[in-house]
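Here the structure comes first, spelled out in structure tokens, and everything after it is commentary.
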Amino acid sequence: MMDKTLRRGSLEMTAAMLISGTIGWFVLVSGLPVLDVVFWRCVFGAATLLLICAGFGFLRRDILTRRTFLLAVLSGVAIVGNWVLLFASYSRASIAIGTAVYNVQPFMLVGLAALFLGEKITAQKLFWLAVSFLGMLAIVSAHGEQGQGNGEYLVGIALALGAALLYAIAALIIKRLTGTPPHLIALVQVSTGVLLLAPWANFSALPQQPEGWASLVTLGMVHTGVMYVLLYSAIQRLPTAITGALSFIYPIAAIFVDWFAFGHRLEPLQWLGVAAILLAAAGMQQGWGIKARRPALQ
């Protein structure tokens, strides 16, 4: 029974991460400005999550208190800002680089938790933070290899870092929503996004081709609705270590999508930087470290 649960959870987590890895492709194929892409993702995502929450019976008034609702809205502001910055990084630094840099967010979460929650930063965490920082230096120093201007490349990296910070802030807020159905939190978040971005949405410049609308609908229904269901179901079934390990399918998938769809090949120094960041994030999540050897008993 346990093996079946682990197998299903692993398949769900793998599917969720593979879906996440294609987000950048759909964002660029839509052909719309970033704010419009995020707005329509929120619209179609909200419609999908509304049906999902109704199906699970999560639309009862007694589930959300005023406090949890306001916290969910606040996390939604951070999540939507995170999407805007991350999507904007794709066209400047490439999907692969933007996604890799975005994976420094576990370290930002550790820093925020230490600052606001008083959580201790261990020597082990500092070591992996240093490895991640070296990876960032490698990626930044390789900007001259890219076809786009150096300034645009560095702006793309800065946007991805900003997205990572906003994600860490959202995660810190969500820590206070323990016991609230995550699908309902996601619904509040994307609904907040609709209200936030509606004043800036350009309704006069809608996609002219079916591919554009298909991309937006897919981003909302699949990359938001379906992906959330798969992700949260997997998290409930899998041990934290397996969840953390499988989460690295996302950046790896994004790198290969960027390669196959757009021909963006990373330079050796960029590969080194990406590998360092992913290794550091894995080491942080899995608790890898060097243990001091105990002296043998005589």
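Cβ coordinates come from backbone N, Cα and C, glycine included.
Curation does not apply to TrEMBL; its annotations are automatic.
What TrEMBL lists as domain 'EamA' is 14-140 (among others).
Taken from TrEMBL, the feature domain 'EamA' applies to 155-282 (among others). Summarised as a single figure, the pLDDT of the domain 'EamA' (155-282) averages 90.
Beyond its flanks by at least six residues, the transmembrane segment (12-32) meets 40, 87, 90-91, 95, 98-99, 205, 207, 209, 211-212, 215-216, 218-219, 222-223, 226-227, 230-231, 233-235, 237-238, 242-243, 246-254, 256-258, 261-262 of its own chain at Cβ-Cβ distances under 8 Å. Summarising the annotation, TrEMBL assigns transmembrane segment to 12-32 (among others).
Counting only same-chain residues 6+ beyond the ends of the transmembrane segment (38-59), those with a CB under 8 A from a CB of the stretch are 32, 80, 83-84, 87, 181, 183-184, 186-187, 190-191, 193-194, 197-198, 200-201, 216-217, 219-221, 223-226, 228-229. Among the features that TrEMBL reports, transmembrane segment is placed at 38-59 (among others).
If one looks beyond the transmembrane segment (68-89) by at least 6 residues along the same chain, the residues whose Cβ comes under 8 Å of a Cβ in the stretch are 24, 27, 34-35, 37-38, 41-42, 97-98, 101-102, 156-157, 159-160, 162-164, 166-167, 169-170, 173-174, 176-177, 180, 184-185, 188-193, 196-197. The transmembrane segment annotation in TrEMBL covers 68-89 (among others).
The annotation transmembrane segment is assigned in TrEMBL to 95-117 (among others).
Among the features that TrEMBL reports, transmembrane segment is placed at 126-142 (among others). Sequence-distant contacts of the transmembrane segment (126-142) (same chain, six or more residues past either end, CB-CB distance under 8 Å): 97, 100-101, 104, 107, 110, 154, 157, 267, 269-270, 272-277, 279-281, 283-284, 288-289.
The annotation transmembrane segment is assigned in TrEMBL to 154-174 (among others).
Residues or ranges marked as transmembrane segment in TrEMBL: 183-201 (among others). Long-range Cβ contacts of the transmembrane segment (183-201) within its own chain (Cβ-Cβ under 8 Å, at least 6 residues beyond either end) map to 35-36, 38-43, 45-46, 49-50, 52-53, 56, 58-59, 63-64, 69, 72-73, 75-77, 79-80, 83, 174, 177, 224, 228-229, 232.
As annotated by TrEMBL, transmembrane segment applies to 213-235 (among others). The list of residues near the transmembrane segment (213-235) in space but at least 6 beyond its ends in sequence, with Cβ under 8 angstroms from a Cβ of it, reads 9-10, 12-13, 15-16, 19-20, 22-23, 26-27, 29-30, 32, 37, 40-49, 51-52, 182-183, 186, 190, 206-207, 243, 246.
The annotation transmembrane segment is assigned in TrEMBL to 242-262 (among others). Outside the transmembrane segment (242-262), and at least 6 residues removed from its termini, the chain residues within Cβ reach (under 8 Å) are 6, 9-10, 13-14, 17-18, 20-25, 28, 94-96, 99-100, 102-103, 234-235, 274, 278, 281-282, 285-286.
Here TrEMBL flags 268-284 (among others) as transmembrane segment.
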Sort out the residues at least 6 away from either end of the transmembrane segment (95-117), same chain, that have Cβ-Cβ distances under 8 Å to it, and list them.
21, 24-25, 28, 86, 89, 125, 128-129, 132, 136, 139, 153, 156-157, 159-161, 163-165, 167-169, 171-172, 175, 250-251, 254-255, 257-259, 262, 264, 266, 270, 273-274, 277-278, 280-281, 284-285
Determine how many residues of the domain 'EamA' (155-282) DSSP places in helix, in strand and in coil.
106 helix, 0 strand, 22 coil
